[in-house]
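Beneath this line is the structure, given in structure tokens, with notes to follow.
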Amino acid sequence: MKFEAESNISTVTQFVLLGFASLPNLQVILSAVFSIIYMIILIGNCLIILITRLDPTLQKPMYFFLANFSALEICYVSVTVPRILFNIWTQNRNISMLACAVQMCFFLMLGTDECFLLAVMSYDRYVAICNPLQYPLVMNSRKCTQLAAGSWLSGIPIQIGQTCWIFSMHFCNSNQIDHFFCDIPPILKMACGDTSVHELSVYVVVMVVAALPFILVLTSYSKIIATILRLPTAKGRAKAFSTCSSHLLVVVLFYGSGTITYLRPKSMHSPETDKLLSLFYTIVTPMFNPLIYSLRNKEVIAALRKLKLQK
């Protein structure tokens, strides 16, 4: 398929998402791989939501937040993967400027929501391990609902503002986005003139929506680890750590890949590297999250077995 570049994008209304067009011989394989991964993500997260609703032993704040996280993961991957599959299946890679802005906005909003929800989940583990006697009182149903709602809503005003700010620029380098979805780095590359102010705003927003929750996560886990090390028995320490090890692993995967992507200098960005890193934190990590939370959690495994026996 021939892609037409335009020299003055300030007047056009659509871009071209190149995606994986440079791999024409692998389109069928890519379609199959992304379809399978998407189904794994949907089925895995839907199962977690189902068992946390149906199993009486999982009616705890920890699993309430896990169900919210699973729902958020489904929304998060659904912003990008269906569009990837559509582009591969139809070979129509055009996307309107409005659709591009909407995709970016939802991607950033849901990514922000994940950052805050991961911080809330770490706070839940902190209260459970460091203040077990106060846990039922502190993490009551009303407080859990408020924390979950706050996490879901946190990204809306910030990322709507950032998206409008980015798309207020004029684009004159090309209308071809060398990426598989509308993300900030490739969009900034197409902008006319100096983009340093916009890059600075991106760093500031990342510091607010990612670094601040990450600091809260680190603070919670530093106190959790200190408390666990003070437990008298090795069995007690192992049991306490097992309740938060899955969450800690997810935090490392999500924040690690996201930080490398968005906090690298512009000079270190390349289309190939950006695509690889983006694949990791937009698709690969969400695929592993249900496995991490189920295979490393005895209560979730037991609930899945009961659900299987009921069938």
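The backbone N, Cα and C atoms fix where each Cβ goes, and this holds for glycine too.
Listed in TrEMBL:
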| type | residues | note |
| --- | --- | --- |
| TRANSMEM | 28-51 | transmembrane segment |
| DOMAIN | 44-293 | domain 'G-protein coupled receptors family 1 profile' |
| TRANSMEM | 63-86 | transmembrane segment |
| TRANSMEM | 98-123 | transmembrane segment |
| TRANSMEM | 200-219 | transmembrane segment |
| TRANSMEM | 240-264 | transmembrane segment |
| TRANSMEM | 276-295 | transmembrane segment |
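Annotation: stretch 98-123 has the most Cβ pairs under 8 Å to the transmembrane segment (200-219), among 28-51, 63-86, 98-123, 240-264, 276-295.
Under 8 Å from some Cβ of the transmembrane segment (63-86) lie the Cβ atoms of residues 17, 19-20, 31, 34-35, 37-38, 41-42, 44-46, 48-49, 52-53, 92, 95, 103, 106-107, 110-111, 113-114, 117-118, 120-121, 124, 144, 147-148, 151-152, 180-181, 282-283, 286, 289-290, 293, 299-300, all in the same chain and six or more residues away from its ends.
Each residue in the domain 'G-protein coupled receptors family 1 profile' (44-293) has a pLDDT score, and their mean in this model is 86.
Proximity of the transmembrane segment (98-123) to the transmembrane segment (28-51) is not established, fewer than 3 Cβ-Cβ distances being under 8 Å for residue pairs spaced 6 or more apart.
Sequence-distant contacts of the transmembrane segment (28-51) (same chain, six or more residues past either end, CB-CB distance under 8 Å): 20, 58, 66-67, 70-71, 73-74, 77, 81-82, 84-85, 88-89, 283-284, 286-287, 289-291, 293-294, 300, 303-304, 307.
Within the same chain, residues 62, 111, 114-115, 118, 121-122, 125, 128-129, 184-185, 202-203, 206, 210, 214, 217, 221, 224, 227-228, 231, 274, 277-278, 280-281, 285, 288-289, 292-293, 296-298 sit at least 6 positions outside the transmembrane segment (240-264) and bring their C-beta atoms closer than 8 Å to a C-beta of that stretch.
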